[in-house]
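Notes follow the structure.
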There are 2 protein chains.
Amino acid sequence: MNSVSVGILGFGTVGTGVVHLLTQEQEKLQQQSGSNIHIEKVLVRDIDKTRKINFADNRLTLDPDDILDNPKIDIVIEVMGGIEDAKNYIFKALKNRKHVITANKDLMAVHGTQLLETAADYQCDLYYEASVAGAIPILRTLTDGLSADRIQKIMGIVNGTTNYILSKMNRESVSYEEVLQEAQVLGFAEADPTSDVEGLDAARKMVILSHLAYSVPVTLEDVRVEGITEISQEDIHYSKKLGYTMKLVGISELDDPYIDIRVSPTLLSSNHPLAAVENEFNAVYVYGKSVGETMFYGPGAGELPTAIAVVSDLISVVKNMNLGVNGHHIFLPKNEKKCKSPDSMKNQYFFRMHVQDQPGAFSKITSLLNERRISLKQIIQEPIPKQQLAEVVIITHAIEERIFKQTYQQLKDLDVVYDVKNYYRVEG
Amino acid sequence: MNSVSVGILGFGTVGTGVVHLLTQEQEKLQQQSGSNIHIEKVLVRDIDKTRKINFADNRLTLDPDDILDNPKIDIVIEVMGGIEDAKNYIFKALKNRKHVITANKDLMAVHGTQLLETAADYQCDLYYEASVAGAIPILRTLTDGLSADRIQKIMGIVNGTTNYILSKMNRESVSYEEVLQEAQVLGFAEADPTSDVEGLDAARKMVILSHLAYSVPVTLEDVRVEGITEISQEDIHYSKKLGYTMKLVGISELDDPYIDIRVSPTLLSSNHPLAAVENEFNAVYVYGKSVGETMFYGPGAGELPTAIAVVSDLISVVKNMNLGVNGHHIFLPKNEKKCKSPDSMKNQYFFRMHVQDQPGAFSKITSLLNERRISLKQIIQEPIPKQQLAEVVIITHAIEERIFKQTYQQLKDLDVVYDVKNYYRVEG
């Protein structure tokens with residue numbers, strides 16, 4: 001049996017998982033890949049740091065070129081994160097004809113196309129299954145399993161931190177701030193949670209998914225992003241009351257030839273397959289023209305789940321090496337990108353207002369909505385105790401975004417409206 | 001661009017879907033596969049039959065050898081069903097060095113290993129993604145996406161007919177017989193539903209999944225099978241009351257090196273990912289040592305969903321042809337099979353009894369259970385109106401199957417027990 005040598009860039013959480021699997025599961029990996037897989041070097045920041053697993057010090061290095069320029073190394077695994085260094089290292093590895101596996105969504109969302117083109121030029125593999133939804137093999141599902149279908153919509157719960165926070169806000173009557181603090185203590189949220197709670201992390205993953213689903217060169221600028229920091233316990237309360245679950249959802253739609261991609265808090269109807277995805281779990285819902293509804297569910301992060309995605313990619317690369325077909329499975333965008341004007345998108349909306357509790361108030365609201373041809377699907381009106389106000393919560397039927405936003409402004413100006421609150425997109 | 005010729009065996013539901021995609025989605029398939037895909041011949045039983053789609057009569061044939069011996073044809077798609085003819089045709093196609101795609105679970109469950117060995121011998125591809133769970137790419141997930149992990153458990157809702165029936169019995173208070181009749185009228189159940197309702201269809205799919213998950217040569221005889229025909233509305237009623245959903249579930253477990261595979265009605269805890277899989281949908285839950293819980297959900301049957309699985313396989317075969325690597329992705333069992341004695345399996349059980357409504361009756365039951373060290377998780381006792389009886393429903397903690405069954409017999413002999421009803425396995 002031949003032998004394949006691997007260099008690993010990074011020895012953090014995912015790196016530790018990868019080293020664990022490559023050292024503990026050798027027999028399984030031989031059986032799957034047809035080769036002995038050997039770790040030649042691991043790039044670290046500090047050789048002397050105490051680590052979770054024992055690994056021979058003489059194979060740790062501080063110098064990336066010990067891996068990138070090392071003629072013994074066939075495959076480079078990038079699990080260090082960050083964009084600039086990772087990008088430069090991967091370009092160098094590819095130019096030295098080393099195959100690359102990366103778990104780096106930030107990098108692939110921003111420089112993916114360029115990196116994939118370079119890999120194809122040098123006939124190298126570049127696999128990145130771990131970059132989206134951890135252990136769920138969703139990239140392979142789009143490129144292989146559903147390759148015959150025309151994907152029309154993807155909805156993803158692809159950020160574990162925000163799903164954890166919203167699940168908890170949904171179960172217990174606690175505020176966003178309280179749950180965030182607790183999640184930080186438990187390690188489900190970063191000290192600086194911006195990228196997660198503002199939706200940027202999810203947006204990066206939606207770029208990668210949309211590229212594969214529609215074969216178009218999507219960039220981060222194409223994604224409209226809204227985070228979860230403004231969601232109140234009242235929003236959650238009334239969502240539940242109307243039969244919906246509040247989730248941070250990435251939605252990517254094709255209205256051929258136009259695409260629309262956004263990440264935003266969304267009310268999912270309780271019978272939507274994504275509505276039951278709880279806590280730190282991820283799931284991707286894929287709607288295909290021929291297959292209809294499918295959903296893929298699993299852990300979106302974590303040392304071993306993410307490492308399984310990386311090492312499954314590694315097995316594919318080694319199999320390709322044994323067959324001499326590396327660099328032939330690169331999926332480059334083949335179609336032109338046309339983004340849909342957001343104004344013309346039709347959505348259902350949920351919105352809340354505080355209204356003067358007086359005769360005829362509600363009728364003033366409905367006549368404005370009627371004038372703008374916004375028809376109503378569900379309504380709640382409840383007095384607010386000890387104030388002369390009522391809570392009005394409305395879910396509309398599908399309406400053009402432009403018209404909804406204009407009307408929402410006009411509602412503010414009605415004399416009977418005391419205050420307008422948040423609005424959210426509704427699905428299902 | 002080169003051209004690839006396909007022969008199709010069968011022009012029923014799935015065959016119609018395949019012809020539809022190959023004729024209507026040529027551009028998409030060229031882009032995905034890198035070749036023009038052309039239908040050379042379709043084997044039918046009756047040339048003059050009126051069909052849903054127009055297809056040139058001169059390409060229809062009654063003679064399988066017009067396809068199997070046709071030197072123009074590179075790839076054979078078998079969508080005719082049945083075992084004997086299909087098997088002979090596929091063997092002949094492989095020996096004539098034609099690659100094969102099949103949607104035939106019955107055939108693959110019974111003769112899969114032999115067919116895969118023949119394909120490997122002749123360096124031909126043999127793909128069969130459509131044979132399990134329709135459009136859900138679950139075979140690829142096991143062989144590629146999760147290839148680095150050790151799968152420890154698979155649970156599948158892999159039969160749409162029985163899931164439709166149980167979903168309906170769960171929503172409305174109707175009997176098995178009533179729902180079956182309605183399902184037959186609507187086309188969700190066959191005129192002879194035996195294979196579905198007795199669990200055989202699900203068993204075949206569990207054979208295929210277990211082979212790929214554990215790399216062992218599983219046969220149908222290794223699967224213990226129980227159908228849904230004995231499930232009463234009372235069983236469903238008390239399941240719901242205790243927080244469970246009754247489903248027909250295929251469960252395949254590895255207790256290394258032993259495997260245990262069964263298909264049986266099972267009570268799923270409401271927070272189990274499979275519990276929400278409704279109607280004719282399928283889903284496969286995969287538990288891996290490293291990834292933990294994953295689930296894959298979608299339509300399990302139907303003309304276009306199944307055809308998408310077949311044509312996605314076709315794209316893989318054509319890509320392999322263009323790279324010259326056919327026959328290298330055959331997954332043959334590599335490990336020895338050892339089946340676990342069912343007696344030693346530990347499960348939780350749900351069971352129902354009618355008991356004399358008299359002081360001390362319940363205590364006699366619990367003291368027998370206590371003697372056999374069966375501990376109880378949930379209990380309902382309710383008087384049965386107008387009879388001197390009580391309904392007793394119990395869910396146990398995990399207990400060896402052997403001990404449970406012995407005790408179940410002993411319960412019958414207690415003087416306070418009027419009648420014992422069904423028992424079911426409980427998960428989660």
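Each position is counted from 1, following the chain as shown.
Backbone N, Cα and C atoms are what each Cβ position is placed from, and that goes for glycine too.
Because TrEMBL annotations are produced automatically, they should be read as predictions rather than curated entries.
These come from TrEMBL:
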{"type": "ACT_SITE", "residues": "B:Lys205", "note": "active site, proton donor"}
{"type": "BINDING", "residues": "B:Leu9, B:Gly10, B:Phe11, B:Gly12, B:Thr13, B:Val14, B:Gly15, B:Thr16", "note": "NADP(+) binding site"}
{"type": "BINDING", "residues": "B:Lys105", "note": "NADPH binding site"}
{"type": "BINDING", "residues": "B:Glu190", "note": "L-homoserine binding site"}
{"type": "DOMAIN", "residues": "B:350-425", "note": "domain 'ACT'"}
Counts by DSSP class (helix H/G/I, strand E/B, coil) across the domain 'ACT' (B:350-425): 24 helix, 35 strand, 17 coil
Pairwise CA distance, B:Glu190 (L-homoserine binding site) versus B:Phe11 (NADP(+) binding site), rounded so that it is a whole Å: 19
Fewest-neighbour residue among binding-site residues, criterion Cβ within 10 Å, set B:Gly10, B:Gly12, B:Gly15: B:Gly12
Nearest-integer angstrom distance between the alpha carbons (Cα) of B:Gly12 (NADP(+) binding site) and the residue listed as 'NADPH binding site': 16
Cβ within 8 Å of the mean position of the Cβ atoms of B:Leu9, B:Gly10, B:Phe11, B:Gly12, B:Thr13, B:Val14, B:Gly15, B:Thr16: remaining residues of the chain near NADP(+): B:Ile8, B:Gly17, B:Val18, B:Val19, B:Val79, B:Met80
Distance [Cα-Cα, Å, rounded] between B:Thr16 (NADP(+) binding site) and B:Lys105 (NADPH binding site): 18
Euclidean distance between Cα atoms of B:Lys105 (NADPH binding site) and B:Phe11 (NADP(+) binding site), Å: 17
Alpha-carbon distance [B:Lys105 (NADPH binding site); B:Thr13 (NADP(+) binding site)] in Å: 15
B:Lys105 (NADPH binding site) and B:Val14 (NADP(+) binding site), Cα-Cα, nearest whole angstrom: 13
Neighbour tally for B:Val14 (NADP(+) binding site), based on other Cβ positions within 10 Å of its Cβ: 28
Cα proximity to B:Lys105 (NADPH binding site), best match among recorded positions B:Leu9, B:Gly10, B:Gly15, B:Lys205: B:Lys205
B:Lys205 (active site, proton donor) CB neighbourhood, other CB atoms within 10 A: 26
For the binding-site residues B:Thr13, B:Thr16, the one whose C-beta sees the most other C-beta atoms within 10 angstroms: B:Thr16
PLDDT averaged over the residues of the domain 'ACT' (B:350-425): 94
